[in-house]
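Trainee: Okay, so Swiss-Prot annotates it like this:
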BINDING   Asp42, Ala43, Ala44, Tyr45, Asp46, Ser92, Leu93, Glu126, Arg149, Glu185, Lys301, Lys325  NAD(+) binding site
ACT_SITE  Lys128  active site, N6-AMP-lysine intermediate
BINDING   Cys430, Cys433, Cys448, Cys454  Zn(2+) binding site
DOMAIN    640-719  domain 'BRCT'
Amino acid sequence: MSDISVEKLTELEAAAELERLARAIAHHDELYHAKDRPEISDAAYDALKRRNEAIEAHFPALVRDDSPSRRVGAAPALAIFAPVVHARPMLSLDNAFSDEDVRDFVGSVYRFLGQLPDDSIAFTAEPKIDGLSMSIRYENGILVSGATRGDGTTGENVTANIRTIAEIPNRLPAGAPAVVEVRGEVYMAKSDFLTLNAQMEAEGKQTYVNPRNTAAGSLRQLDAKVTASRKLRFFAYAWGEMSDMPADTQLGMVEVFRQWGFPVNPLMKRFNSVDGLLAHYRAIGMERPTLDYDIDGVVYKVDRLDLQTRLGFRSRSPRWAIAHKFPAEQALTILRGIDIQVGRTGALTPVARLEPITVGGVVVTNATLHNEDYIKGIGQKGEPIREGRDIRIGDSVIVQRAGDVIPQIVDVVLEEGKKRGEPYQFPHVCPACGSHAVREEGEAVRRCTGGLICPAQAVERIRHFVSRNAFDIEGLGEKQVEFFFNAEDPALCIRSPADIFTLKKRQENSLTKLQNIEGFGATSVKKLYDAIDARREIALHRFLFGLGIRHVGEVNAKRLARAYLSYAAFKKAALEAVPPKEGDRTDKGSEAWQDMLAVEGIGSIVAEAVVDFYGEPHNREVLAALLAEVTPLDEEARVATGSPVEGKTVVFTGSLERMSRDEAKAMAERHGAKTAGSVSKKTDLVVAGPGAGSKLAKATELGIEVINEDDWFKLVGED
C-alpha cells in the first residue's frame, strides 16, 4: 500500500491506486468469503479498505463502479451449492479503530436522530465472533434453509450441513412468527480446533491453519457427515425477514432467540453511555485470551428497533451499528537487514528483513519501515516518534501485525551495553534503474526520477501511456501490456513507449509471429497495428499527459499545452527552467522558470516535477526514441468563444441522459469552461441530472447556480 498521504496524491496516482485497491480487495474478498483461505490479516485488509475510502472521499470523481465501498463480501465461488437470494441483504459493518472513532459513531447517531437528551439512547455491546456469517430460515416453525452471506445479496445453500450443527434447532417453539430468519455466526471452538488438528497430525494428514478457515471449509463439505464430525457451533445475534417482530429492542430480540433454543453470547450487555461501551470493550479484551472462541472486536448497536429503522442504511452498512476492532498483536525480534523496493509510481519503500518470528499465529519475516523519516525516528509532521530512536540493522525491534499489507516495526528496544550498528543511510539513487531518487519538499517519500526507463515502473507507465485520455490505443489493455512487457523475444517485447511504435517493423522479419500466439489472430493484430499507426500524430496535451510526469495529470497537461502551444516550446522551457536556489530569497529562478509559474494552475510543485523529469538523462533518451516515431501536434491557440460559460468552472453530477461524462467535459471545454470533479467555492455552475446527491447538496449549501441538462444545452447554444 502507498505511504503517500491522500492529500498529496495526484489525480493520476489516485486513479491508479484505486484501480489497484479494487483488484486487491476483490482478490482478498474472494479468498476470505468464497475460498476460506485468506492471505492477509484482518487488520491488513481493514487498512486496504480505509485507504480506498480515504482516496474516494478526496477524489469523488474517481469513484469506480466496482468500488469496494459499494460491495459486501464476495460472490459464491463455485456452483457446488445452489445460490440463495437473501430476502434482506446481509450487510457488513463499518469499523472503529479507536475510542475517538466510537465517540464519533455515537455522536453521529445523536446528530442524525436530533434533539434527544444526552445518554437517552441505549446501545448494546457484544463480542464480534470471528466465524462465518449465516442466515437460517424457518417457515411455520420448521427449518427450511441455511445460507452463507456470499456477496451480501446472494449466498450459498448449505441447508443439509446446517442441520448437522447441534446448537441450531430444527424446529421453533409454538408461537414463533410464520417466517423467521435468524442470523449469526458459525464458528469452531478453539478446544475443538486443537483436538481436530491433533487427530489430523496423528493420521499423518495436513493440519489446519486457524479455527475460522476450518469452520468455513467444514460448512462447505459436499458430504454432510464430514460437517457433522467437525463439531461446529453457532451464536445468534441478528435477523433477516420476519413476518412479525417478537420484541422491540436488540437485546429483546436476542433474548427471544435464547428462548427459542439458540445459543447467544453471554457477554452481550446494554449501556447508555460511550464510557460504558468502552469499559465493556476493554473488559472483553482482557477476557479474550480465556475465551474458547476467536473474537476480533466488539460490536455496538442502537438498542431500540424503531431508532434503527429511522437511522437506516448506507450503501453497504447500517448507520446504527459499528464494529470496534481490537488492536494488532506484537512480538520482539531482530532486524537483520533493510531492502529497498521500488513501487509502480517510483516510490522507494524500505522493507525490514527480520529474524523469523510468530505474530498472531503467522510467521513474519518482513515488515514495512514506511519511509526515510520513519527509520530516523521522525513522524509525518516532523515530530519525534519512538522518543526519537532511529532504527538500525541489528536492533531488537517490536513487530506488529497491523494496518499494512505486510507487518510494521513499531518500536526499537535498546539493550544496555550492546553496541548498535551504524545509522542507516537511505539511498539517493533508484536500485532498479540507477536514476536519481528525489524527495519533494514536504514529502516523506523519496522517488525515482527514471520514469519511462525504470523497470519497476515500466508496466504502470505503459498502461498509463496507452490509456483512454493519453494515447488511447485500442487493443493494448492491461493483459496485453503485461504480455508484451514480459515477452523475452526481442520481436515482441514492449519495455518503453517507443517499442509500441516499432512493434510492427520488428515483427516483419521475426520467426515468432504475433498472430500465431494464443489470444491474438490475424484480424486482431491488424486492428492493433492500425490503432498504433493512428496515434503517430497526437494532440500535444495527450502527449504530455501520456508521459506520466508526476503532478501532470489531464488538467495540468492541457494547461501546459495551451500555454506553450508546441512540444518544441514546452521542451525548451522544461530544459531552461531553473528553480530558485534554496534559502536565497533574492533568487527568483530563471526566466523560463518564472514563465512556467505564470501558467494558470501551475505552481512550483508541478514545475519542479517537470524540471526533474527532463533533468534525468534516461528520460531524455526514451523521449528521443519516442519522438522518432511520434509527432505531437501543435495546440491551437485559444480564442475567445463569447460563450456565457467561458472562463467558468462547471461540475456535472448525477445521471446525464443526452451525453456521456466525457462528452459533457469536451463540450464545456469547447466553450471555454473548465470542469471539476467536486463542488467548492470556486465552482460557478453545477449541471445536475437524476440521482444527483452530495454534490448537489453542497452546491445548494454554497448557493451555487444549479441547472439541469436541457438548460445546459440551451445555455451553450447547442440545443
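Using the three backbone atoms N, Cα and C, a Cβ is placed for every residue, glycine included.
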Trainee: Give me the Cα-Cα distance between Cys454 (Zn(2+) binding site) and the residue listed as 'active site, N6-AMP-lysine intermediate', rounded to a whole Å.
Mentor: 46
Trainee: Nearest of the recorded positions to Lys301 (NAD(+) binding site) by CA-CA distance, picking from Lys128, Cys430, Cys433, Cys448?
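Mentor: Of the recorded positions Lys128, Cys430, Cys433, Cys448, Lys128 has its Cα closest to that of Lys301 (NAD(+) binding site).
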Trainee: Looking at the recorded positions listed here (Ala44, Asp46, Leu93, Lys128, Arg149), whose Cα lies nearest to that of Cys433 (Zn(2+) binding site)?
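Mentor: For Cys433 (Zn(2+) binding site), the spatially nearest of the recorded positions is Ala44.
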Trainee: If one measures from the C-alpha of Leu93 (NAD(+) binding site) to the C-alpha of Cys448 (Zn(2+) binding site), what distance in angstrom results, rounded to a whole number?
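Mentor: Leu93 (NAD(+) binding site) and Cys448 (Zn(2+) binding site) have their Cα atoms 39 Å apart.
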Trainee: Would you count the other CB atoms within 10 A of the CB of Cys430 (Zn(2+) binding site), including those on all shown protein chains?
Mentor: 25
Trainee: What is the three-state DSSP composition of the domain 'BRCT' (640-719), stated as helix, strand and coil residue counts?
Mentor: 26 helix, 14 strand, 40 coil
Trainee: Averaged over the domain 'BRCT' (640-719), what pLDDT does the predicted model reach?
Mentor: 85
Trainee: May I have the list of same-chain residues other than Cys430, Cys433, Cys448, Cys454 whose Cβ is within 8 Å of the Cβ centroid of the recorded Zn(2+) site, in sequence order?
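Mentor: My list of surrounding residues reads Val342, Gly346, Pro431, Ala432, Gly434, Ser435, Ala437, Thr449, Gly450, Gly451, Ile453, Pro455, Ala456, Gln457, His618.
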Trainee: With every protein chain in view, how many other Cβ atoms are within 10 Å of the Cβ of Ala44 (NAD(+) binding site)?
Mentor: 20
Trainee: CB neighbours of Leu93 (NAD(+) binding site) within 10 A?
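Mentor: Around Leu93 (NAD(+) binding site), other Cβ atoms within 10 Å: 17.
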Trainee: May I ask for the distance between Ala44 (NAD(+) binding site) and Lys128 (active site, N6-AMP-lysine intermediate), taken between their Cα atoms and rounded to an integer number of Å?
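Mentor: Between the Cα atoms of Ala44 (NAD(+) binding site) and Lys128 (active site, N6-AMP-lysine intermediate), the distance comes to 17 Å.
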Trainee: Can you tell me the CA-to-CA distance separating Cys448 (Zn(2+) binding site) and Asp46 (NAD(+) binding site), as a whole number of Å?
Mentor: 29
Trainee: Out of the recorded positions Asp46, Lys128, Arg149, give me the one sitting nearest to Cys430 (Zn(2+) binding site) by CA distance.
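Mentor: Ranked by Cα distance from Cys430 (Zn(2+) binding site), first place goes to Asp46.
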Trainee: Could you state the whole-number distance in Å separating the C-alpha atoms of Lys128 (active site, N6-AMP-lysine intermediate) and Arg149 (NAD(+) binding site)?
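Mentor: About 16 Å separates the two Cα atoms.
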Trainee: What does DSSP say about Leu93 (NAD(+) binding site): helix, strand or coil?
Mentor: coil
Trainee: Using DSSP and collapsing to three states, where does Cys448 (Zn(2+) binding site) fall: helix, strand or coil?
Mentor: strand
Trainee: According to DSSP, which kind of secondary structure is Cys433 (Zn(2+) binding site) found in, if we only use helix, strand and coil?
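Mentor: Note: Cys433 (Zn(2+) binding site) is coil by DSSP, not helix or strand.
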